[in-house]
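This report refers to the structure that appears directly beneath it.
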Amino acid sequence: MCGIAGAINAELTKDSLNLINHRGPDFQDFVIENMGSNSVFLGHTRLSILDLSPTGNQPMKSKCGQYTLIFNGEIYNHLELRKKLTSVVFKGTSDTETILYYLMKFGIDGVRDFNGIFALALLDKKEEKMYLARDMFGVKPLYYYQKGKTLLFASELKIIKENPAYEKAIDLDALNTFLAFRYNPAPKTIFKGIKKLEAASYLVLDKNLNSTQIDFWPRKQKINHTISEAEAVDQYSFLFEQAIKRQALSDVPIGVLLSGGLDSAMVALMLAKHTDKQLKTFTVGFQGKGNFNELDDARETAKFIKSDHYDIFMNIEQFLETFSMSYYHTEEPIAAATIPPLYHVSKLAHEHVKVVMSGQGADEPMAGYKRYRGEKIIGDYGKILNILPLNAIQKLFPANIALERGIYSSRFKIEIDRFVAIFTLFTPELKQKLFKPEIAAVAFSEQRELFDKILANSDPEANSLNRLLYLDTRSLLPDSLLLFNDKITMAHSIENRVPFLDMDLVAFIESLPIKYKLNGKITKYVQRKAAANFLPGNIINRKKKAFETPIGIWFKQELGNTLIELIERPNSLSREYFNISFIKNMIGLHKNKKRDYEKHLFILLSLEYWYQNFYSENFSDVVLENANYISK
């Protein structure tokens with residue numbers, strides 16, 4: 001796991017690479033090559049995990065000198081790929097060397113055969129082409145900016161943003177999308193002109209910097225309606241264990257980020273089975289009352305699997321301090337209250353391991369969230385729900401935003417419009433009140449266009465919930481959850497592996513009828529049945545907490561005052577774009593329990609913290625402050 005950065009006809013230096021040194025503190029290097037008349041910079045920072053020797057260092061050139069590769073990630077099936085390269089005499093055992101020669105032999109389409117997580121750049125000097133590619137589910141981020149004959153790309157935005165070739169500006173369309181979804185689906189970012197390469201795609205650039213994007217998702221979804229429950233459970237069990245064995249490939253110890261729930265417990269127990277050393281596990285919890293503390297559950301799981309367990313508490317002061325600082329690393333204003341807990345548990349894990357596994361990626365394909373029940377209810381009771389006026393629902397349940405969103409989305413007859421509505425927090429009506437009049441008058445793009453392309457590969461005959469799961473796995477997951485998981489763990493020089501997103505496992509899950517995912521009120525049905533073979537019922541049936549945080553409570557207390565202080569600053573983002581009196585009114589309604597605006601207010605808090613990190617006039621001070629904070 002590493003960091004990559006590159007440029008065509010723009011200046012990058014060793015100092016530029018230092019901005020992402022946390023992604024790979026073990027080794028750093030760069031080369032300057034030519035692509036026709038274009039000057040090409042390729043840089044890499046290495047976190048040594050496979051083949052710890054110098055033979056795994058990058059940038060890596062082919063023996064013939066035609067190809068140069070920089071690569072961030074892990075290819076779990078690289079030893080299988082080597083079997084197709086019988087004529088190659090390898091210098092070492094790294095997956096980097098494997099994929100360099102694999103792409104030489106099979107071309108860039110060879111990425112279709114990679115089972116792993118990756119973001120890479122490959123230069124072909126003879127053909128005068130550059131290729132950028134991102135893995136199937138977007139576990140590893142890759143950003144790029146192109147203007148005329150200039151290209152910049154990197155694992156992290158800060159390398160592009162701080163380059164003189166980039167003209168700094170906020171993308172209003174992306175700001176509008178963020179208010180709706182709490183994140184920006186690829187290719188959007190909130191930085192005008194900077195794009196995220198979409199998951200399961202590669203970009204081809206020729207010597208004139210003409211670019212073409214190719215999607216390489218290998219198969220369309222097709223539901224298998226004939227599979228029995230017993231067959232589904234057996235196949236799931238086999239594929240899950242296979243995923244763990246594949247991802248256990250490492251020359252350094254692997255730990256597990258352990259919550260109190262089912263997903264990470266399955267990962268930890270199966271990994272412990274396939275490692276010859278005692279497994280290390282790590283958990284974070286909150287001080288205080290409520291259902292926000294998973295420490296006891298995690299300790300019980302750790303005791304069952306006999307792991308070497310470590311945990312840590314955090315309070316509201318630590319949460320706010322970490323949340324503010326973390327935007328230097330997340331770089332995009334993602335409104336996820338799980339970021340500070342992840343930051344603290346990653347910092348804890350860094351003291352013991354270089355690699356962790358987590359339960360990330362289990363919920364989206366397997367219907368693990370409460371909102372998926374809502375889509376099923378809409379399918380069953382949509383006609384009744386449509387009779388109920390939305391304002392009546394708001395009066396009956398003033399502090400239930402989940403129910404309100406469910407009723408709101410049920411109004412849309414067209415499936416894609418309903419899916420957009422399910423994601424939406426700031427509705428068009430709310431945004432009209434939030435934006436300043438001159439901003440509200442802007443003609444924003446249709447947000448449904450972001451999802452149309454993904455749904456085109458889902459099974460048109462599938463249940464609507466199955467199609468929603470397919471969409472979530474390729475939108476919310478890569479561009480929100482996986483993105484900040486990568487950024488925060490890599491801020492502490494830790495690789496985070498996600499076995500639930502093994503390609504073969506996900507392909508199988510997505511072929512299952514919905515009854516094997518959401519069966520009545522039972523979520524992740526087949527997964528629970530499979531887990532029953534090796535985990536006790538008290539772990540399997542625990543109520544899902546998923547690193548929950550008491551944000552809603554805090555906004556009724558000191559956090560509401562913190563937000564007011566931030567938006568009233570002379571240089572705040574809210575002063576430039578929003579109606580501050582409307583925000584204060586939202587805070588008041590939430591404090592008085594007249595409306596549930598927890599998630600809306602958290603979006604605004606996220607924007608302000610992001611803005612002060614990335615639009616600070618003293619960005620170099622922000623860099624130093626974050627470096628000092630991590631080293632505490």
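Backbone N, Cα and C atoms are what each Cβ position is placed from, and that goes for glycine too.
Annotated ATP-binding residues in TrEMBL are L257, S358, G359, and among V204, V284 the one listed with them is V284. Under a cutoff of 8 A between CB atoms, and with a sequence separation of 6+ in the same chain, the neighbours of L257 (ATP binding site) are S264, T281, F282, T283, L342, V345, S346, A349, V356, M357, S358, G359, N496. As a whole number, the greatest separation of Cα atoms within the ATP-binding residue list L257, V284, S358, G359 is 15 Å. Taking the Cα atom of each, V284 (ATP binding site) and C2 (active site, for GATase activity) are about 25 angstrom apart.
Across the structure, C2 (active site, for GATase activity) and D95 (L-glutamine binding site) place their CA atoms 13 angstrom apart. DSSP gives S358 (ATP binding site) a coil state; it is part of no helix or strand. Annotation for D95 (L-glutamine binding site): spatial neighbours L50, E74, I75, H78, G116, criterion Cβ-Cβ under 8 Å with sequence separation of six or more.
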